[in-house]
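**Q** I grabbed these lines from TrEMBL:
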TRANSMEM  17-36  transmembrane segment
TRANSMEM  42-60  transmembrane segment
TRANSMEM  72-90  transmembrane segment
TRANSMEM  134-154  transmembrane segment
TRANSMEM  161-181  transmembrane segment
TRANSMEM  201-219  transmembrane segment
Amino acid sequence: MPKPFWVFWAVEFWERFGYYGMQAIIALYFLNYLGFTQTHSILLFGAFSSFVYGFVWVGGSIGDNYLGAKRCIILGAAILGVSYASLAFATKGTVTFSLAGIVIGNALFKANPSSLISKLYETGDSKLDSAMTLYYMAINIGAFAAMTLTPFIAHGMGWSAAFLICAFGLLCGLISFFTFYSLVMNISTQAGREPFDVLKVLYIIIGAAISILVVGKLLNYI
């Protein structure tokens, strides 16, 4: 596999580590820490999951056509890390906004590593199939590691420590991405080839903040 592939592999591993680490404990967190009823917990988790998967296309479109995939990866990972960390200190009144941050961070991140991996190969190249198989292994390994680890941390050290471990996973992903950025700097979507535009980034940040407020409010009605 080309070296840039492993950069995307690593950042995907750490992103999935954070997400599935959160997912492994969030239902019990609702029940045992926040004191939600079982029905409320199930409905809230279901609505949250629907938003998570329903918004993915938005981030893919932004990465391809407006901001650039690598910039979306960085921004999405940063929002995810902050959102996981905020769960460590959330209350009944604020938890839905932490969940909304995960929704928006995931939307910006999720589709873009695979989009960039596809740029490493010519159309029709059979090696892309092998690359995507390895890429999905990053998802599975990250998920397995986190879902094994975070319940033990939550039990032994508390909910806050478990969510901070999820945030730490995103920090590791960002560090690895910036450390080896020189390997991927020439791998871009069409929008990513355009010069860096502070205003575009600012618009996305403002849009993300508004979206977090809206989704958080909607989840509050569950």
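One-based numbering along the chain as shown.
Heads up, the Cβ atoms here are built off N, Cα and C, so glycines get one too.
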**Q** Under a Cβ pair cut-off of under 8 Å, which of the recorded stretches 17-36, 72-90, 161-181, 201-219 contacts the transmembrane segment (134-154) most often?
**A** 17-36
**Q** Considering only the recorded stretches 17-36, 42-60, 201-219, state which has the highest number of Cβ pairs under 8 Å to the transmembrane segment (161-181).
**A** 17-36
**Q** Under an 8 Å Cβ to Cβ limit, what residues of the same chain, 6 or more beyond the ends of the transmembrane segment (201-219), are close to it?
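**A** Distant Cβ neighbours of the transmembrane segment (201-219) are 44, 47-48, 51, 62, 66-67, 71, 75, 79, 96-97, 99-101, 103-104, 108.
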**Q** Do any residues of this chain, six or more beyond the ends of the transmembrane segment (17-36), have a C-beta under 8 angstroms from a C-beta of it, and if so which?
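**A** Non-local partners: 42, 44-45, 80-81, 84, 87, 90-92, 95, 102, 106, 142-143, 145-147, 149-151, 154, 159, 162-163, 165-167, 169-170, 173.
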